[in-house]
Amino acid sequence: MTDTRKIDPATNTETTGHSWDGIEELNTPLPRWWLWTFYATIVWGVIYTILYPAWPLVPGATAGLLGYSTRAEVAAEIERVALSNADLERRLTSVDLTALQDDEPLHRFAVQAGRSVFAANCSQCHGAGAGGVVASGYPNLLDDDWLWGGSIDDIAYTVRHGIRNEEDPDTRFSEMPPFDWMDRSEQDAIAHFVRSLSDLAHDPVAADTGAGLFADNCSSCHGEAGQGDRTLGAPNLADAIWLRGSSHEAILRQLGTPRMGVMPAWQARLGEADVRAVAAYVHGLGGGEATAADPSAPAPAPASTAAPAPAPAAADDPAR
Ligand code: HEC
Ligand code: HEC
């Protein structure tokens, strides 16, 4: 074989020997720095596959000498978050709930956790937005009208022990007796009186008769002015907010066969931290009250009577 190496006279560079129409291709060598970088990446690549998980095998992949694993990394991260939450949860279970709002990070944690607890456990009855369902007697939790109390401690107690829950001895409990023994005309008169309390259309003469019957039969629970009693969960009948419906028929139905709401007790199912979290969430929805209401004091009826209808449930609703 003859030596085909040829030097291009103009650049003094070796040519490849290829020539097209008299134009020859130069064989310029790669720059040193490039070549060494290239070799270094190859060496790095080999070292990397030895140190870190790399080569796919049938059951998994080579583990690598350093024992690094993204899965372990994620597990450690989750554990770290759980640990920091464990601290918050521990503080939440022991904090005085009325002072929760002063502890900004803890309060934020509680409300956020409470929001998901609510979505998972409460929304099926109270509605995703906590607006309640009047037709079914699921109270609106957004307004400031409370059956059992709207302080954060009251709410936590309600959630913890439920309402008329047969399994929890500390459950909130009361029973409205049936008044089906009354004459139909007496029941009508009372219904007119009850509607008069919140300025709904009524017969004034019948309402007058009803007033006396109400004082004798109803005021022990619903209060003399129909303002309700939170120790009994007896609704305020003088505000414009109704649990069971405001129509004459709905009131008659409640008199004849009183319906009473039942709510599960959540203490066992959720644990104290989640009970408190969801109480903080509900308390923050808008109607939360600062301190536990004095049960012996009458509920603040006139304020909400004067207020413009705050929620859909407040209307003279057709729901029965
Ligand atoms: C099975 C349906 C149901 C579920 C689930 C439910 N509730 Fe209730 N809840 C009710 C009913 C019914 C009442 C009203 C009981 C009554 O008439 O006194 C009520 C009342 C309440 C009250 C009292 C309102 C007041 O005016 O005093 C609060 C607070 C409350 N629920 C919060 C919750 C929270 C928080 C959850 C989720 C952990 C929840 N509820 C889950 C049915 C339910
Ligand atoms: C022993 C206490 C008690 C007595 C007495 C009582 N109630 Fe009630 N009443 C309640 C309770 C508790 C509720 C709430 C039931 C529920 O959870 O749905 C209620 C609910 C109602 C409601 C539904 C309110 C709403 O917002 O939809 C009306 C109306 C009502 N009562 C009228 C009367 C009238 C009228 C009398 C007298 C004839 C009377 N009640 C006597 C305890 C009582």
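Cβ atoms are placed via backbone N, Cα and C, with glycine included.
Caution: TrEMBL annotation is automatic and unverified by curators.
Per TrEMBL, these features apply:
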BINDING   CYS122, CYS125, HIS126, MET263  heme c 1 binding site
BINDING   MET176, CYS218, CYS221, HIS222  heme c 2 binding site
COMPBIAS  290-320  compositional bias 'Low complexity'
DOMAIN    109-198  domain 'Cytochrome c'
DOMAIN    205-286  domain 'Cytochrome c'
REGION    1-20  region 'Disordered'
REGION    289-320  region 'Disordered'
TRANSMEM  33-55  transmembrane segment
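Everything TrEMBL records as a feature, shown here on the structure.
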| residue | record | CB count, 10 Å |
| --- | --- | --- |
| CYS122 | heme c 1 binding site | 22 |
| CYS125 | heme c 1 binding site | 15 |
| HIS126 | heme c 1 binding site | 20 |
| MET176 | heme c 2 binding site | 17 |
| CYS218 | heme c 2 binding site | 21 |
| CYS221 | heme c 2 binding site | 17 |
| HIS222 | heme c 2 binding site | 22 |
| MET263 | heme c 1 binding site | 20 |
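Among the binding-site residues listed (CYS122, CYS218, CYS221, MET263), CYS122, MET263 have a CB atom closer than 6 Å to some atom of ligand 1, in sequence order.
The distance from the Cα of MET176 (heme c 2 binding site) to the Cα of CYS122 (heme c 1 binding site) comes to 25 Å. Other than the site residues CYS122, CYS125, HIS126, MET263, same-chain residues with C-beta atoms no more than 8 angstroms from the centre of those residues' C-beta atoms, the heme c 1 site, are ASN121, SER123, GLN124, TYR138, LEU141.
Summarising model confidence by region, the domain 'Cytochrome c' (109-198) averages a pLDDT of 95. MET263 (heme c 1 binding site) carries a strand DSSP state (E or B). Taking DSSP states H, G and I as helix and E and B as strand, the domain 'Cytochrome c' (205-286) has 42 helix, 3 strand, 37 coil.
Residues ASN217, SER219, SER220, ASP229, LEU232, ALA234, LEU237 surround the recorded heme c 2 site, their Cβ atoms falling within 8 Å of the Cβ centroid of MET176, CYS218, CYS221, HIS222, which are themselves excluded. Following the DSSP three-state reduction, the secondary structure of CYS125 (heme c 1 binding site) is helix. Of the residues the record lists as binding heme c 1, namely CYS122, CYS125, HIS126, MET263, the two whose Cα atoms sit farthest apart are 11 Å from each other. In the region 'Disordered' (1-20), helix, strand and coil residues by DSSP number 0 helix, 11 strand, 9 coil. Only CYS218, in sequence order, out of the binding-site residues CYS122, CYS125, HIS126, CYS218, MET263 have a CB under 6 Å from ligand 2. Nearest by CA distance to HIS222 (heme c 2 binding site), out of the binding-site residues CYS122, CYS125, HIS126, MET263, is MET263.
Taken through DSSP, the domain 'Cytochrome c' (109-198) splits into 44 helix, 5 strand, 41 coil. Each residue contributes its Cα atom, and for MET263 (heme c 1 binding site) and CYS221 (heme c 2 binding site) those atoms are 20 Å apart. Largest Cα-to-Cα span within the heme c 2-binding set MET176, CYS218, CYS221, HIS222: 10 Å.
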